[in-house]
Amino acid sequence: MKVQSLLRIETQLLLGRLLTRSGDQAWDFVVPFALLVIFPGKLQVAAFYYLIVKIGTFLLTPSSGKWIDTHPRIQVVKWGVWLQFFAILAGMVFFGMLDGLVRAGGRESWLLSVLFIALALSGVMASLGSQITDISVGNDLAPSLVAPEKLTHFNSWLRRIDLATEVGAPILAGALFAFHPEQLPLAGLFLIGLWNLVSFVPEYFLLRNVIQRSGLKIKVLTEAQSWKDTFHINLRGSFSDPIFWLILSYALLWLSVLSPHGVLLAAYLKDEMRLPETEIGLFRGLGAVFGLISTVSFPYLVRRLGLISSSRWHLGFQGVTLGIAVTAFAMGSTASVYVFLGCILLSRVGLYGFSNGEFELRQRLIPEGRRGELNSLSSLTTTSATLILFSAGSLLPQTEDFKYLVYVSLAAVLLANVVFIKWSSRQGVVTSGAAEPVES
């Protein structure tokens, strides 16, 4: 008997998620370090790389969503997984060529710029493939295959996997990257890349098996006549959909610098608050730990209050804790700094809980034929918020002016509460399929 036949469909989906996320997190963690090995002291090179990846993904996101809706599931999974595979493989090749060129004294060569752009474009393709796979698994296969009464439990396990890989994969990747021969400083990068490549193979066969066993090869497809049609995006139609206000409420939370994982907050704590790196690192690690609490609190409140009410309570909790955090921040004393950081950690319970709720509401409410379009719109809005936030951060004349971003962050979270309450008050009883009530 095949091993795959012994695993439930839900288990196969979760295992596929674990494989892809662990590799993605490890690769993303070491890429900036590898760039700094090749270009020591040039932090702007790593920043420029990620800017290209973010902008490229931003531009291609709407088209990828429409493409998902116009193609069979098996084809979507195949393209998503193998696009990542060949993009990571290309990235390894370009890293090796860049390192060889720089070692040979070719810093002034035109080929250096060409290889760097090629590396960044491979990063865009890897990001796009990851996004296609995430939407296919989390926003299409999961709501189609997982029983409605099990969906909250399934999503909680998805979140646990995401948080576990967010913490564990970088630790393992950092250890691999640190140990290398002197003659081959990127040996760790290549090992991590190989780990990533190997993980794509079982992931693809797991997802293909899920689709074939479930009989979901055929889905309601949106008509698309050509590639030109795929790249013609009707954003006005997406924005006018009622689900947009749900998506917007979540995207507003990405306009916040009040995150343990935020680059801007970490820089402020180091430069202005003079906190040691060990405390900042502990703060970052605890952020994921507090996020795990939501994987217990959210399902519990769903059983007690229903999906929408649980989402409201978690989002409201985030607003209250960040309100206290910003009040402590405004006081400016040494003790209040730790109150500020403690409340940010508590707010992660609310943030991740609401994230679970918003994710499940999209799973239940978006019709099959528009899952790619509207879920890619969600990615588009969160990416836009990230770009806006970093653009605002780059315009700050002094580190101390970071306080304005803190106040804007609180305003964005409170506005998210208003938007979600207004949207959810019009929903009544949310159903999945024909008659599975979400509110109890």
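Using the three backbone atoms N, Cα and C, a Cβ is placed for every residue, glycine included.
What Swiss-Prot says about this protein:
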| type | residues | note |
| --- | --- | --- |
| BINDING | ASP24, GLN84, ASN196, GLU203 | Ca(2+) binding site |
| TOPO_DOM | 1-8 | topological domain 'Cytoplasmic' |
| TOPO_DOM | 39-42 | topological domain 'Extracellular' |
| TOPO_DOM | 104-109 | topological domain 'Extracellular' |
| TOPO_DOM | 177-186 | topological domain 'Extracellular' |
| TOPO_DOM | 214-242 | topological domain 'Cytoplasmic' |
| TOPO_DOM | 272-276 | topological domain 'Extracellular' |
| TOPO_DOM | 330-335 | topological domain 'Extracellular' |
| TOPO_DOM | 366-370 | topological domain 'Cytoplasmic' |
| TOPO_DOM | 425-440 | topological domain 'Cytoplasmic' |
| TRANSMEM | 9-38 | transmembrane segment |
| TRANSMEM | 43-69 | transmembrane segment |
| TRANSMEM | 73-103 | transmembrane segment |
| TRANSMEM | 110-145 | transmembrane segment |
| TRANSMEM | 148-176 | transmembrane segment |
| TRANSMEM | 187-213 | transmembrane segment |
| TRANSMEM | 243-271 | transmembrane segment |
| TRANSMEM | 277-304 | transmembrane segment |
| TRANSMEM | 307-329 | transmembrane segment |
| TRANSMEM | 336-365 | transmembrane segment |
| TRANSMEM | 371-395 | transmembrane segment |
| TRANSMEM | 399-424 | transmembrane segment |
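Location within the structure of each feature annotated in Swiss-Prot.
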{"residue": "ASP24", "record": "Ca(2+) binding site", "DSSP (3 states)": "helix"}
{"residue": "GLN84", "record": "Ca(2+) binding site", "DSSP (3 states)": "helix"}
{"residue": "ASN196", "record": "Ca(2+) binding site", "DSSP (3 states)": "helix"}
{"residue": "GLU203", "record": "Ca(2+) binding site", "DSSP (3 states)": "helix"}
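Cβ crowding, taken as the number of other Cβ atoms within 10 Å, peaks at GLN84 among the binding-site residues GLN84, ASN196. If you count C-beta pairs under 8 angstroms between the transmembrane segment (148-176) and each of 43-69, 277-304, 307-329, 371-395, the highest count goes to 277-304. Of the recorded ranges 43-69, 110-145, 187-213, 243-271, 371-395, the transmembrane segment (336-365) has the largest number of C-beta contacts under 8 angstroms with 243-271. Beyond the transmembrane segment (371-395), the same-chain residues lying 6 or more positions past its ends with a Cβ under 8 Å from any Cβ of the stretch are 54-55, 57-58, 61-62, 64-70, 76, 131, 135, 139-140, 222, 235, 238, 241, 243-244, 247-248, 250-252, 254-257, 264, 362, 402, 405, 408. The Cβ of ASP24 (Ca(2+) binding site) lies under 8 Å from the Cβ of GLN84, SER130, THR165, ASN196, each of which sits 6+ residues away along the same chain. Surrounding the centroid of the Cβ atoms of ASP24, GLN84, ASN196, GLU203, where the record places Ca(2+), the chain contributes additional residues within 8 Å, namely LEU19, THR20, GLY23, TRP27, VAL81, PHE85, ILE88, ALA126, GLY129, SER130, THR133, LEU197, SER199, PHE200. As a quick check, the transmembrane segment (187-213) and the transmembrane segment (110-145) clear the bar of 3 or more Cβ pairs under 8 A, pairs 6 or more apart, so the two touch. Touching of the transmembrane segment (9-38) and the transmembrane segment (277-304) is ruled out by the presence of fewer than three CB pairs under 8 A, sequence neighbours closer than 6 excluded.
Secondary structure of the topological domain 'Extracellular' (330-335), assigned with DSSP and counted as helix (H, G, I), strand (E, B) and coil, comes to 4 helix, 0 strand, 2 coil. Panel annotation: around the transmembrane segment (43-69), residues 31-32, 35-36, 76, 116-117, 119-121, 123-124, 127-128, 131-132, 135-136, 140, 221-222, 224, 230-231, 233, 235, 238, 369-377, 379-380, 383-384, 386-387 of the same chain, lying at least six beyond its termini, place a Cβ under 8 Å from a Cβ of the stretch. Close to GLU203 (Ca(2+) binding site) in the fold, though at least 6 residues off in sequence, lie GLY16, LEU19, THR20, VAL81, each with a CB less than 8 Å from its CB. Summarised as a single figure, the pLDDT of the topological domain 'Cytoplasmic' (366-370) averages 84. Across the topological domain 'Extracellular' (272-276), DSSP assigns 0 helix, 0 strand, 5 coil.
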